[in-house]
Amino acid sequence: MKDIRDFDSLQIKLASPDTIRAWSYGEVKKPETINYRTLRPEREGLFCERIFGTTKEWECFCGKFKSIRYRGVICDRCGVEVTHFKVRRERMGHIELATPVSHIWYYRCVPSRMGLLLDLQVIALRSVLYYEKYIVIEPGDTDLKKNQLLTETEYNDAQERYGGGFTAGMGAEAIRTLLQNLDLDALVAQLREKMMEKGAKSDKRLLRRIEIVENFRVSGNKPEWMILSVIPVIPPDLRPMVQLDGGRFATSDLNDLYRRVIHRNSRLIRLMELKAPDIIIRNEKRMLQEAVDALFDNSKRKPAIKGASNRPLKSISDMLKGKQGRFRQNLLGKRVDYSGRSVIVVGPELKLWQCGLPTKMALELFKPFIMKKLVEKEIVSNIKKAKMLVEQESPKVFSVLDEVVKEHPVMLNRAPTLHRLGIQAFEPVLVEGKAIRLHPLVCKPFNADFDGDQMAVHVPLTQAAQMECWTLMLSNRNLLDPANGRTIVYPSQDMVLGLYYLTKERSLPEGARPRRFSSVEEVMMAAEKGVIGWQDQIQVRYHKCDGQLVVTTAGRLVLNEEVPAEIPFVNETLDDKRIRKLIERVFKRQDSWLAVQMLDALKTIGYTYATFFGATLSMDDIIVPEQKVQMLEKANKEVLAIASQYRGGHITQEERYNRVVEVWSKTSEELTSLMMETLERDKDGFNTIYMMATSGARGSRNQIRQLAGMRGLMAKPSGDIIELPIRSNFKEGLNVIEFFISTNGARKGLADTALKTADAGYLTRRLVDIAQDVVVNEEDCGTINGIEYRAVKSGDEIIESLAERIVGKYTLERVEHPITHELLLDVNEYIDDERAEKVEEAGVESVKLRTVLTCESKRGVCVCCYGRNLARNKIVEIGEAVGIVAAQSIGQPGTQLTMRTFHVGGTASSTTEENRITFKYPILVKSIEGVHVKMEDGSQLFTRRGTLFFHKTLAEYQLQEGDSVQVRDRARVLKDEVLYHTTDGQTVYASVSGFARIIDRTVYLVGPEQKTEIRNGSNVVIKADEYVPPGKTVATFDPFTEPILAEQDGFVRYEDIILGSTLIEEVNTETGMVERRITTLKTGIQLQPRVFISDESGNALGSYYLPEEARLMVEEGAQVKAGTVIVKLAKAIQKTSDITGGLPRVSELFEARRPKNAAVLAQISGVVSFKGLFKGKRIVVVRDHYGKEYKHLVSMSRQLLVRDGDTVEAGERLCDGCFDPHDILAILGENALQNYLMNEIRDVYRVQGVSINDQHIGLVVRQMLRKTEVVSVGDTRFIYGQQVDKYRFHEENRRVEAEGGQPAVARPMFQGITKAALNIDSFISAASFQETNKVLTNAAIAGSVDDLCGLKENVIIGHLIPAGTGMRRYRQVKLFDKNKRDLDVQMEEVIRRRKLEEEALAQAVAGMEGEPEGEA
């Protein structure tokens, strides 16, 4: 017989009245629940035993039949079947309604499904259903139209006029008739025709109507089933009534709602029998409709029906939705048995894989195991006695407990479980007391500390569960962070301080030499006797260095002796970063078990020597640099100078503010550097505060700055920086105004933390919901697409090297050495650490790789596109739930980011603006391109953006007279190739591979060409083919203003600059100067303020459009030289770079929201020109090289980034503002959008120092791009504007093409994560996410089938999840022995034989004793 729980898919449909009656075991006719005297259910009431089953096990209501042997008998007296009381959880009843009523979900939920089918507005539909208006069902040959609404008077007039020539009705009955009369096939044909006519102009409503009609046609549901004539009554044990202590009853709200329905229904039947007046019956029908509405969805009704305690009653819909609903509360999150929780304390004596479990807890958790063991060992004869023994806590129990607990893992969990390392398995060690002991190194993955945190313990029961704990979940197998593959288990705080102190080296006095020792033992004796210090430099022969003499310290020898012998000699000062690198090196190059042993050794040494060091803090350790006073005076002078420039009218208010902030930021930074140097010199580098910060044990440079430097600039709650800095530090103490400014930041930190934690949690939830069904499910999808990877740079600084980005992925194309063309990587080759480094060393610029974004697996992803499983440092296995890991990896730091603000105490962390272009390495300039003006001093002033092309110089060689060069200019040169012969016969070889450039008497070896942007207004001081040493200024500019410069000599002429309409003149009260500012606020006037430069005869040489807030710097008619500043635009005022901007930004990107002030992007590449105004917006035209023009509308208030005659690329911004991802998709396509999103999201996290691997972000972005929008239907079944899954779209197109038809065309769609999660194939998963009613309504109409492919839907229905060993492909695995015999069958045979033998033995023993045993 097939198991009811064994099914592969689940379908939801509308129930017809007959189906509802078929479910039912009887009709509920009375509103009574239970009898107040006997407390037994009333007959035909809401708890009736005849309908729903007996309340007493194997007994009928009247007690005539009492026993399991009457199972299935129906009592002739009371009519109750003798059965188990659990049937009261599954048997349903029904209520026959006196008049049909509408189901609230189908007419009230937006968009109204009934309204769409009948083409009626919700208001009209409502007025019919609530008996306010009549609707024409059949107009006959009258002037009335079908579906026309009539008021009472209009209906009466029509009756008089036409008599019985037409049919009209009101209420659900009328709507039912209309729905019954619908011909769906004709309707859909008519609607599709309408769609074809309208084409692109068709509205969303039409698309929705077609979709709904199609759904009804395909699913086999009938539209009239949305009207109910019979209501199901859910089983009584799902709406229980419980007696409280005081004899009162608590009941489920559903009983009240059902009672109202039954009351009104009975009253309506009575009124109809009495032939009451129409108006009364109509009112009663309306009330019945309202009662049924409230039963199904009380929250939608306004006002909601309230109960006795004046709170709205919980209807069936409310039971399902929300955090406390059935889905999230009971199906996705269940309380589990065999669990406990307690406070955690640190357990430094434990091994990494152990945890301390209180004996009291273990006794309760392992109770059944102990009882079984007691019976097995024959300490007691049966389970009952064993239970008593355990409850008495007798000594025998404890001896058994040790055996039971030994090698039985437990799982520890700390809420919130933000990523998979929030639950790990440990081997329990029994401890005294009531607190769980936790190994200090696993605090990081759990994010636990010991300030009162609690943790939960769970016991895995089955053999398979225990096996999983040992092999997969044990803490020593989870050393790497799944988000980025770095180690997550590493020493911190005290341990780091101890290790740093132990391995630090004291500098020797001048002229002194390190003492020599012959062996480690000798060094240890000398150190213990105090002859040398632990940090003194010594020379010793050491076995890890093949007995060679090494210069080291006694402390480092201690460390090397304690760690496992296989680990190479560590001879450096260990701070937190180096410790982490050391662990990673051992883990990746040697062995994970070795890394575990080393971690435990490092923990022990760290604690020992932190105690030994005995770090203390005193006021004298906080040293304020002596130069602080002079530095503050210098800064004050600079601020005064800026103020006087402002008063003189040379700079604007915004520039003044920006420059003041810049001065203080710089001063604060310089003071911090000086302070750190002072601390480093103090006590020969053993200043406690300095050690704590540099070792990374506690505190940061920023915090020490506040203690001993100056607190610096603070931020207002809005994020603006207060230009008045706090000059004092905490040692000197703050004055009143400084203290007052500080309070802002401190409060904001706390408020932010509280608010943002919830946001981060919600972000994780949405991410999990969109990615939960992505599982690795095949080896290779066979795609030919991929993405090009390069190193991530910020300016010249490499943030993430190419090796770091490509490691752990598969190649898409061959990778060759750029100079020798030697094959480095083949197609579809896995890139491990060695290969990645080899590629980087070869100087490869970019590699094309396979990525999750381009994976073509229909469901989930394939191994080759995913690559490495970061948590295990191995290639991912089939069955890995990568979607959930990706969601957790992005969501988990989100929560960390929110907590970040308040540690600094609100001090502003603004980045200092650069005002020059310099390079940290020597370069050779190739060319400088862009519009510029030659200045008198020979420099070039750029009047628009330009580009500098250059090569990085790798080596240079000076040629002497007579040297013969052996390479050509610009030729490719390999390492060790001959460059030139000198006059004295020597040969000079190339030290590196590169390109040769011969300029004058120098040979340069340079790298590939690079380029950097030159800002508008920059003064470039170098020329083409010039060699620029590192640090030399290439160009200077003003970072705070965006100038518009004259490009020719000539005279200034104003156009459309009219005082009072486009020009405002203001007298600045602080400076007394007149400031002239452009404004475009007065709309309606078609004016475009601009400045012309003309020659003497008035011919225009150049024109400049002026944006809002531009400051005029020249008078009309003035003569100007090329390069004069005509107009200045202030750059935006500085804000602090804080993650509070980060989390909403991540949310905005993942939700695919259009930014508030999105920039207008150029739709094609071409030349810009301006063509007047349209509705108060500028028309910017871009003409491509075929002469085709594309118009763009730009608001007058926006600052233009292009000028007349500029060349732009497609997708380039025409005005200021953020990029809109939807525009990027439309203009540049899917790949560009993917790159933009990946970079933006990564940058937000990178600012906070959080690294997330691309594959995680890529997985989520891929899910957001799953759908496409149909733009041309062809011969397919699609509708214009329909949103279809990519794979379904391609499948349908293949089908049509095979039949020789015209395929459909679609454009890619970019959906936010919430929308994408709701549009997922699985209705169970979508319903458990959000908008439960809406999802279920749509699914029921469409007769949706859930194939149970995701994780969530399987958890909900209680199946194994289709990931890991639960994948369907692994469920049919059978084991065979060498002779191909089924091992399962053999095992069953062995067990059967054993049982028979045991039974025979038991009988023999019983026969010998002559009587059966006692209670066993």
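Glycine is treated like the rest: Cβ placed from N, Cα and C.
The secondary structure of C75 (Zn(2+) 1 binding site), as reduced to three states from DSSP, is coil rather than helix or strand. Residues annotated as Zn(2+) 1 binding site in Swiss-Prot, with sequence analysis given as evidence: C60, C62, C75, C78.
Under the heading Mg(2+) binding site, Swiss-Prot lists D449, D451, D453. Same-chain residues at least 6 positions away in sequence with a Cβ under 8 Å from that of D453 (Mg(2+) binding site) are, in sequence order, V343, I344, R414.
Non-local neighbourhood of C855 (Zn(2+) 2 binding site): C781, T783, V861, C862, C865, Y866, R1262, each in the same chain, at least six residues away, with C-beta under 8 Å from its C-beta. In the three-state DSSP scheme, C855 (Zn(2+) 2 binding site) falls into the coil class. For C781, C855, C862, C865, the entry in Swiss-Prot reads Zn(2+) 2 binding site.
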Separation of alpha carbons, D451 (Mg(2+) binding site) and C75 (Zn(2+) 1 binding site) (Å): 64
For the Mg(2+) site built from D449, D451, D453, further residues of that chain with CB within 8 A of the site's CB center: I344, A448, F450, G452
Output field, Zn(2+) 2 shell: CB within 8 Å of site CB centroid, site C781, C855, C862, C865 dropped: E778, D780, T783, R850, V852, T854, E856, S857, V861, V863, C864, Y866
Rounded Cα separation (Å) that holds between D449 (Mg(2+) binding site) and C60 (Zn(2+) 1 binding site): 58
By Cα-Cα distance, the member of binding-site residues C60, C62, C78 nearest D451 (Mg(2+) binding site): C60
Three-state secondary structure, C865 (Zn(2+) 2 binding site) (per DSSP): helix
Per DSSP, three-state class assigned to C60 (Zn(2+) 1 binding site): coil
Cβ neighbour count (within 10 Å, all chains shown) around C75 (Zn(2+) 1 binding site): 20
